[in-house]
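A short write-up of the structure that comes next.
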């Protein structure tokens, strides 16, 4: 993957202005819509089972965010329709291992829908890959967090999930892992304050919809989306430290930074490597 | 319509502090509540079918936002009760033409509820007026956008819908059209960044509730609400260009600008004309 | 209650990082999550009846916010489970007296769940204590607002509700009243602009979850949560007056102020007295 691929993927988003349908949770739905508008896409949050199939026929990507656990049937219907139409589908398995219905929902969705990208934190990816219960709440469990020591095992887990599902797997953490099961890319951008707002993960998943809706190759598209989010986080963190503000201003500055992100910033700022495992 | 009418309508909102019930979508509900508080009104977002009729009896206006497509029955019940009590009802036909259930919901609501104001973008107004399918997502379709060339046809469409429904029709766009079917007013304020945040339309619809709840005449009330929103957008845009911020800060500045909007700003800033068609 | 108790309770929140499950309304759910992250806690907003009991087993506190009137059964199930596990449960009886289903929901919840803290405005506390209908919308009715003249009667009402329920009662207003039925504390912090944003009350209730989840004694924990919120409000108000901003920036600054609140600010800024009734 070339360094200028990131910028090319961002340019495609702005040129194509993809319409992204998100079936997503009520906690962060407004942020997801605004970050889609910030990056140059357009959001629709239609999620009623009576209209999702009709709605998805007019969009460039579909995002299924399991935070909306009550909308799993809508995700299944919309996902199958998107598959039939060749529209990319992104899965965010929020709190995948935490409760019985979430494990069951993941199993159903993975069985019936082909996902283009699956994005989660280490606990969620582990729960999907190993069909395990685990964790509480929506944040990564301390024991699951990826460190330099546990990186090879985490990469192997992501590759295994990518191979079994056919999806690009994007594991978010201090190191971001992206893999299609063959090629694996690591990104080392972002900042700790991203975990002090709700919706960092959900917003990234929305961006994955925009990037996959505007670019044909999922792995570079996903890597560019992750890089865009992380660099926006770095910009917002710099502003927070400079202004002495907190997590609420950080959230606003993060979306603003996506709005103002240039191709040059992306090319120059991204810290990535192709993983040689 | 006199220039000082706009300020008089704003003053009435602040003096009466209307309580506005919004049956509205989860994407922008928080923004709708905060902009109602900004303008000097008070929000209640009760939408459960078991309580909407009881709730609406205590408010000064009801807003039905079709983004909440799952709440159409609540809108119908609350709308009929509001009609019986003489409380103004505002309709925002979000994505009216996009799916079958939305066209059906619009038909039901227009048949059973008398609306004081119907506010939408050009695609939504067209779908209502012509009972047509069309568009995808929640934004205006490029082919529907009102230009100076298509303005006479758009005005005629609005007038026709106003006459058939008895509502003031407010079409939002680069030029805003307001008509009760007899008198028509055009407004030329606002800024392009309003379409780069989610909820510009929903927030305006909420403001229409506040202005109609505090003023007896719907056409000037609606024109004043549109002017207030557009001038707030212009103020937020000036700040955005000055500060180099993005759409998230713009959203915050927009609500702030409504909070701080003065009668004098409204009188001096509004660009309106009575349309001689 | 000693002055340094407030800071000690805040310190415990930051040291224990309590996971707080909120069954709360869609209007302010994002703000509730972000203020929990701001104070050093962690949010989960699981509210599906199929998973709330499983979810609550992994958290340090449960918040039941009656704004989510459609989730009363989830609150009942989660509340009973929390009681069985010794996890503190906070009730926010939003608009308690306004409609029939809200009065009924309150009766059910008070009968079946033991609450650690009940927090509401004067109209809501009155509705709970006297089983009365009253009010419209979600704000305190003017006739119910606590003044220095009506303070003794308001305290007596809170004490009565505390004694009948076993909960600490926290009445929010210009004067905040906190009582466990025996000891009563008054706080005189905060600012008027807190009533010009949606969610001041909901966010405080979320903070009560964090403080009770990290501290064993409910009365000082609740008093510290109220003091933290009110001091953050004072900080945000000072910024608003200085910058000439509005209620939207105020909301952002309020959450930021919780993020940056120091133990020293809390110790020095709180205006409290133990009530000698």
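The backbone N, Cα and C atoms fix where each Cβ goes, glycine too.
All annotation found in TrEMBL is predicted automatically rather than curated by experts.
The substrate binding site annotation in TrEMBL covers C:45, C:199. Same-chain residues at least 6 positions away in sequence with a Cβ under 8 Å from that of residue C:199 (substrate binding site) are, in sequence order, C:27, C:28, C:31, C:32, C:251.
DSSP classifies residue C:172 (ATP binding site) as strand under the three-state reduction. Within the same chain, residues at least six positions away from residue C:172 (ATP binding site) with a Cβ under 8 Å of its Cβ are C:119, C:120, C:121, C:200, C:201, C:204, C:226. Marked as ATP binding site by TrEMBL: C:119, C:172.
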The one of C:45, C:119 whose CB sees the fewest other CB atoms within 10 Å, among these binding-site residues: C:45
Three-class DSSP secondary structure - residue C:45 (substrate binding site): coil
Local backbone state of residue C:119 (ATP binding site), from DSSP in three classes: strand
Subset of binding-site residues C:45, C:119, C:172, C:199 within reach of chain A (CB-CB under 8 A): C:45
